[in-house]
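A.B. asks: First, the structure itself, so that you have it in front of you.
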Amino acid sequence: MENCTEVTKFILLGLTSVPELQIPLFILFTFIYLLTLCGNLGMMLLILMDSCLHTPMYFFLSNLSLVDFGYSSAVTPKVMAGFLRGDKVISYNACAVQMFFFVALATVENYLLASMAYDRYAAVCKPLHYTTTMTASVGACLALGSYVCGFLNASFHIGGIFSLSFCKSNLVHHFFCDVPAVMALSCSDKHTSEVILVFMSSFNIFFVLLVIFISYLFIFITILKMHSAKGHQKALSTCASHFTAVSVFYGTVIFIYLQPSSSHSMDTDKMASVFYAMIIPMLNPVVYSLRNREVQNAFKKVLRRQKFL
């Protein structure tokens with residue numbers, strides 16, 4: 001279906017139009033983005049440099065850091081430019097590209113979290129068979145499958161949304177080209193597209209949640225059968241970081257995306273999207289390092305090396 005007007009650009013209305021808040025928000029988001037950059041790239045380098053971290057668990061964690069950095073970078077620099085220069089215009093094609101990479105990488109993270117849950121299940125429930133269950137090739141296949149699912153899902157989303165007609169307005173009530181905000185601008189009958197996209201999003205989320213739920217069900221059953229307090233503590237600490245990341249990630253995703261557009265409050269979605277697109281990528285390296293002795297020890301090794309240089 002062709003657009004009934006030649007829409008060549010969208011205008012992102014941003015988080016706020018209050019002039020006094022533009023510079024403080026620019027400073028805040030620059031700080032958040034720098035922490036995201038340092039935290040995620042630092043985690044990747046740490047895993048790469050320390051041979052003790054060359055295991056499936058940390059292979060998935062390095063991919064998670066890459067994805068967090070990627071989808072934050074798809075959004076945050078444009079938001080910062082809007083605060084600093086008032087540059088809120090985004091071309092039609094740039095909007096499609098931004099949405100594609102954001103949806104793709106967020107979906108990749110979705111499947112990586114499921115892969116990490118399976119890895120934790122194998123480590124806690126079948127420790128004697130862990131090295132044969134989670135081989136390097138199995139880890140690589142799970143990671144590759146996550147990327148394939150992510151980019152296929154994004155392709156369907158972009159195809160479904162940008163085949164619609166845009167003739168009402170080009171004012172996007174958001175700070176980036178998010179799916180609900182752009183779809184709301186369409187003057188086409190978007191019921192079918194919306195149902196398909198909600199179905200796909202629901203499938204991606206609930207399939208992964210089912211995998212995570214089953215993995216943790218077996219993990220908790222195994223923990224309850226353990227007789228030593230040390231075993232309990234080790235198993236719980238192994239899973240605590242991942243469980244925290246899963247809870248935060250899916251709580252926000254379900255809140256934003258699994259509602260019909262008629263029930264969306266754009267202002268509420270904006271606040272949730274800040275958390276989802278910027279805060280979570282910043283927090284993940286912290287969550288995975290605070291209670292992880294192996295990461296802490298690797299970091300201490302790096303610091304000791306720097307002292308001797």
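From the backbone N, Cα and C atoms, a Cβ is placed for every residue, glycine too.
Annotations for this protein, taken from Swiss-Prot, read as follows:
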DISULFID  CYS95-CYS187  disulfide bond
CARBOHYD  ASN3  N-linked glycosylation site
TOPO_DOM  1-23  topological domain 'Extracellular'
TOPO_DOM  48-55  topological domain 'Cytoplasmic'
TOPO_DOM  78-98  topological domain 'Extracellular'
TOPO_DOM  119-137  topological domain 'Cytoplasmic'
TOPO_DOM  157-193  topological domain 'Extracellular'
TOPO_DOM  218-234  topological domain 'Cytoplasmic'
TOPO_DOM  258-270  topological domain 'Extracellular'
TOPO_DOM  291-309  topological domain 'Cytoplasmic'
TRANSMEM  24-47  transmembrane segment
TRANSMEM  56-77  transmembrane segment
TRANSMEM  99-118  transmembrane segment
TRANSMEM  138-156  transmembrane segment
TRANSMEM  194-217  transmembrane segment
TRANSMEM  235-257  transmembrane segment
TRANSMEM  271-290  transmembrane segment
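Could you place the listed features in the three-dimensional structure?
C.D. replies: Of all Cβ atoms in the protein chains displayed, 22 besides its own lie within 10 Å of the Cβ of CYS95 (disulfide bond).
Within the same chain, residues 62, 294-295, 297-298, 301-302 sit at least 6 positions outside the topological domain 'Cytoplasmic' (48-55) and bring their C-beta atoms closer than 8 Å to a C-beta of that stretch.
In the predicted structure, the topological domain 'Extracellular' (78-98) carries a mean pLDDT of 89.
If one looks beyond the topological domain 'Cytoplasmic' (119-137) by at least 6 residues along the same chain, the residues whose Cβ comes under 8 Å of a Cβ in the stretch are 56-57, 59-60, 215-216, 218-219, 222-223, 235, 238-239, 242.
Away from its own ends, the transmembrane segment (24-47) comes close to residues 15-16, 53-54, 58-59, 61-62, 65-66, 68-69, 72, 76-77, 79-80, 83-84, 278-279, 281-282, 284-286, 288-289, 295, 298-299, 302 of its chain (Cβ-Cβ under 8 Å, at least six residues beyond either end).
Here the transmembrane segment (99-118) has long-range neighbours at 57, 60-61, 63-64, 67-68, 70-71, 74-75, 139, 142-143, 145-147, 149-151, 153-155, 157-158, 161, 176-179, 182, 204-205, 207-208, 211-212, 215-216, 242, 245-246, 249, 253, 276-277, meaning same-chain residues at least 6 beyond its ends whose C-beta is under 8 angstroms from one of its own.
Long-range contacts of the transmembrane segment (138-156) within its own chain (CB-CB distance under 8 A, at least 6 residues past either end) are made by residues 56, 59-60, 63, 99-101, 103-112, 114-115, 118-119, 196-197, 200, 204.
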A.B. asks: What residues elsewhere in the chain lie close to the topological domain 'Cytoplasmic' (218-234), defined as a C-beta under 8 angstroms and at least 6 residues from its ends?
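C.D. replies: For the topological domain 'Cytoplasmic' (218-234), the nonlocal Cβ contacts are 120-121, 124-125.
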